[in-house]
Amino acid sequence: MADPGSVGHVFRRAFSWLPAQFASQSDAPVGAPRQFRSTEHLSIEAIAAFVDGELRMNAHLRAAHHLSLCAQCAAEVDDQSRARAALRDSHPIRIPSTLLGLLSEIPRCPPEGPSKGSSGGSSQGPPDGAAAGFGDRFADGDGGNRGRQSRVRR
């Protein structure tokens, strides 16, 4: 049986041809928690999730640690926080009544899964023609629905 210490080396060498983001090039044992380098900045999604309080505790703590060391990411978090506050303080968003009416007419689909009286056929999606009729309402006269009707109608 192979020495457990050499397995990580063999694993890293076997995958050394992959880009660094896919294969770890560190000397840390395989399966060890990843240590982020100071050059790895937070992604836009991570910044938004941090500002919105949507990160899990471990991710939040890692992001907070990075923010304490990285002025660039800290500035981006400040910008995101200001944008969030500006949106919350802006006027209420109003939806046009015509759009609200169209959205309220979307047929409700039964829950997925076979019903008691079904013979094994698929009962997913709206009844035939309902989705096509809905698509017709949003077509912009010049065929703007991009061929979806041909895929919906069977």
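Using the three backbone atoms N, Cα and C, a Cβ is placed for every residue, glycine included.
Straight from Swiss-Prot, the features:
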BINDING   HIS66, CYS70, CYS73  Zn(2+) binding site
COMPBIAS  124-136  compositional bias 'Low complexity'
MOD_RES   THR39  phosphothreonine
REGION    104-154  region 'Disordered'
So around the Zn(2+) site, HIS66, CYS70, CYS73 aside, which residues have their CB within 8 A of the centroid of those CB atoms?
-> HIS41, LEU42, ALA63, LEU67, SER68, LEU69, ALA71, GLN72, ALA74
So HIS66 (Zn(2+) binding site), by the Cβ count within 10 Å over all chains shown, scores 19
Which of CYS70, CYS73 has the fewest nearby Cβ atoms, counting only those within 10 Å, among these binding-site residues?
-> CYS70
For CYS73 (Zn(2+) binding site), the three-state class that DSSP assigns = helix
